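Below: one structure, written as structure tokens.
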Amino acid sequence: MTLDLLQVGQKAQLKSFIDSPLTLNFLEMGLTPGKNIEVIQKAPFNGPIALLMDNQTIAIRVHEAKFLQVSL
Amino acid sequence: MESVISKKITTIAIIGNPNVGKSSIFNQLTGLKQKVGNYPGITVDKTVGTLKNKGRQYDIIDLPGTYSLYPKSEDELIAHRILSGKASEKPDYILMVLDACNLERSLLLAGQVMDLGIPVSLVLNMKDLAEKKGIKINTFQLYKETGVPIILTDARQNEGMDGIKAMIFEEKFGVAHSFLNLKNILPESLSEKIKQRYHLHTDFQAYQYLVFASYDLKVTPTEKKWLLDMATEYQCDIPALQIAETTARYKEINILLDKIVTKTSTTKRDLTQQIDNLMMHPILGYFFFLGLMLLIFQAIFAWAEWPMDLIDTGFAAISGWITETLPAGVFNDLLAEGIVPGIGGVVIFIPQIALLFGFLSFLEDTGYMSRVVYLMDRVMRPFGLHGKSVVPLISGMACAIPGIMASRSISNGKERLITILVTPWMSCSARLPVYIILIGLTVPDDIFLGINLQAIALLSMYLLSTAATLLAALVLKGFIKSREQSYLLTDLPVYRIPRWKAVLLTMYHKSKVFVLEAGKVILSISIVLWVLASYGPSANMDAIAQERSLAMTAASDTEIEELEDYYSSKKLENSYIGIVGKTIEPIIRPLGYDWKIGIALITSFAAREVFVGTIATIYSIGGDPDNEMTIREKLDQEVDPVTGEKVFNTATAFSLMVFYAFAMQCMSTLAIVYRETKSWKWPILQTVFMTAFAYLAAFITYQIIS
């Protein structure tokens, strides 16, 4: 499944990227395969998703979250 | 003896991820108080500070925060240009600031920086915070692995700065061990070819040449083509190369981290996450944001009122005092009617500008601004804007110039351009005195449904501006084309207690810049205005003077005062400025303006705030010199010589406010738009469109109300 499908409070492990021009951006932010992430907030009306990873909060749009493959 | 020592200047660049406390370190080292940022994009320009020791000078360059050497936005490009020596000479040394709480991500950039071959020193910031989070770092081991000196700091507490200074003065920077093995990434024969062609020494330099061929590179088109052709020949996809490089780096970093970091897992949610439960809440978060904005504006108006009144009456008193005390003559007139009201028109802004910048810098410093980006992204997107556009737009309420500069953190070109083009429509502080004076003249100070009517009028002007800004963005979204993809991927830093000293310094710094920069323009315009309003074509002026002296000798004592008024306004009408005003009067009549307001429109093309100064000057000249009336009282007494009605009636006042809300009347904004878009096309289009729109909107307003 992809990250955008996670509910608030759900934890998952990042598996791989779906090919996109943003792969390098994900890597540089520290979103590397194997990382544990938790969805902590979602902005209303399909707005950005807030993730917790390595004690760091990251905001990402639903559109970008669709490129991140995760497993529960 | 010191003069004998070499004059060579040593340059040191400070680099690091966004929000690692880089700017704090820079400020504490150089004492040069720049804005200290807590959200991406605050260090928008190449900021240089100077450090001196024993006759040697060290120039310290503060680079914008970045996650890698590969630029994603305009401000990250600055880091790349400076480190690669494309902007100026390569720096002699690099101070690489690492976030102890997120060492993995910091080391990605650190590795790339160390591979550049420039001597580096690592600054490990926020180690105490990391230890609280259960992260223990063995710094000696880190030193052994990298081979470069490491300094521990807590920039917020001002700890470790002496260590950095000592290291700089002794020039103890070290060249790091090579961090990355490129053998499996870049084909060896390709590397050899590039090295040969450009006389390079290392594989990494060759790799950099290849990768940066697609970015901003100072190479000629032929060289660029050669490099890209080479990449195709060896089937090297450049983005894939970068991904391979980054992945390989993380592998190395994780081996390193296993040696130097011990983690004790903590499961409890820290304070930042608890605060975010409210700040980023899908409903409460927005209420909090809205409430905060209302509170800030309420505070600005309430707190700024009495110092502004004080300044207004103070300057009127000074003018009166000068008129009475100094010997009468041209110098007295210039001072009392030109310069003093002109300066007063500038100084009166200080309370509001200082407060607005104070609040903005407070929000940045706590880390809240990044949450605003998160909350507002969904709201801004339909208008062709980005969550990050909120920062420029809110700053635009203080002044469009820092707002437009803050747009550099927006990586998408189209969203950035739209942000730049619409920000001048946000209601900046220069419009405020115009609104305040006009509302004060025409809107009664009554309470309606528990709210002050004047406050409602002012709030309406702000809402009108904001709505127009968003609509303009929506229209531009349809016209500006872009194939670039828009994305949001941003860090939300930990909340911090703001450093009051830094907030106060920002307030002081911004007010000073405003007074000096805007003041220069306003003061010189005031003087020119006074001259143009006091002198005119000599034939007309002489005739008036003669007529006046004839009438005066014939007049009785009671009539003299009336005649005095009549002739001074007659004189103004025939002065150079009067002639200009009269000439444009037919064009502005449909908007409800007379020729005196016309003069103010012309002079405030340079800057809106000139309006108040101009009418202050014009009405001082027309009026009774012994009278110490404030500007507001003078305007209220002004009547149309033909109809006998008040000049500043409701229709004219609102038409004027609407004109000032929409017209492009700020030279500095034009200059900054030119600098940011690198072409005259956008600032010219912007001026024409905004001014035409302002004329039309003011026309409609006047016709409806009158």
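Count begins at 1; order follows the chain as displayed.
Each residue, glycine too, has its Cβ placed from N, Cα and C.
No curator has checked TrEMBL annotations; they are predicted automatically.
Database features (TrEMBL):
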| type | residues | note |
| --- | --- | --- |
| BINDING | B:16-23, B:41-45, B:62-65, B:125-128 | GTP binding site |
| BINDING | B:Asn27, B:Thr30, B:Gly31 | Mg(2+) binding site |
| DOMAIN | B:9-174 | domain 'FeoB-type G' |
| TRANSMEM | B:283-304 | transmembrane segment |
| TRANSMEM | B:343-363 | transmembrane segment |
| TRANSMEM | B:417-443 | transmembrane segment |
| TRANSMEM | B:455-476 | transmembrane segment |
| TRANSMEM | B:513-533 | transmembrane segment |
| TRANSMEM | B:651-672 | transmembrane segment |
| TRANSMEM | B:684-705 | transmembrane segment |
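Feature map: TrEMBL annotations on the structure.
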{"residue": "B:Gly16", "record": "GTP binding site", "Cβ neighbours (10 Å)": "28"}
{"residue": "B:Asn19", "record": "GTP binding site", "Cβ neighbours (10 Å)": "22"}
{"residue": "B:Lys22", "record": "GTP binding site", "Cβ neighbours (10 Å)": "27"}
{"residue": "B:Asn27", "record": "Mg(2+) binding site", "Cβ neighbours (10 Å)": "21"}
{"residue": "B:Thr30", "record": "Mg(2+) binding site", "Cβ neighbours (10 Å)": "19"}
{"residue": "B:Pro64", "record": "GTP binding site", "Cβ neighbours (10 Å)": "29"}
{"residue": "B:Met126", "record": "GTP binding site", "Cβ neighbours (10 Å)": "24"}
Mapped onto three states, the DSSP assignment of B:Asn27 (Mg(2+) binding site) reads helix
Sort out for me which stretch, of B:343-363, B:417-443, B:455-476, B:651-672, B:684-705, has the most Cβ pairs below 8 angstroms to the transmembrane segment (B:283-304).
B:343-363
What kind of secondary structure is B:Pro64 (GTP binding site) part of, going by DSSP in three states?
coil
So which residues does the transmembrane segment (B:455-476) touch in its own chain, when a touch means Cβ under 8 Å and the partner is 6 or more beyond its ends?
297, 301, 382-385, 393, 396-397, 417-419, 421-423, 425-427, 431, 435-436, 439, 443, 448, 657-658, 661-662
Using the alpha carbons only, what distance in Å do you get between B:Pro64 (GTP binding site) and B:Thr30 (Mg(2+) binding site) once rounded?
17
Helix, strand or coil for B:Met126 (GTP binding site)? Use DSSP.
coil
What mean pLDDT score does the domain 'FeoB-type G' (B:9-174) have in the model?
81
Give the distance between the Cα atoms of B:Asn19 (GTP binding site) and B:Asn27 (Mg(2+) binding site), rounded to the nearest whole Å.
14
Taking the Cα atoms as reference points, how far is B:Gly16 (GTP binding site) from B:Thr30 (Mg(2+) binding site) in Å?
17
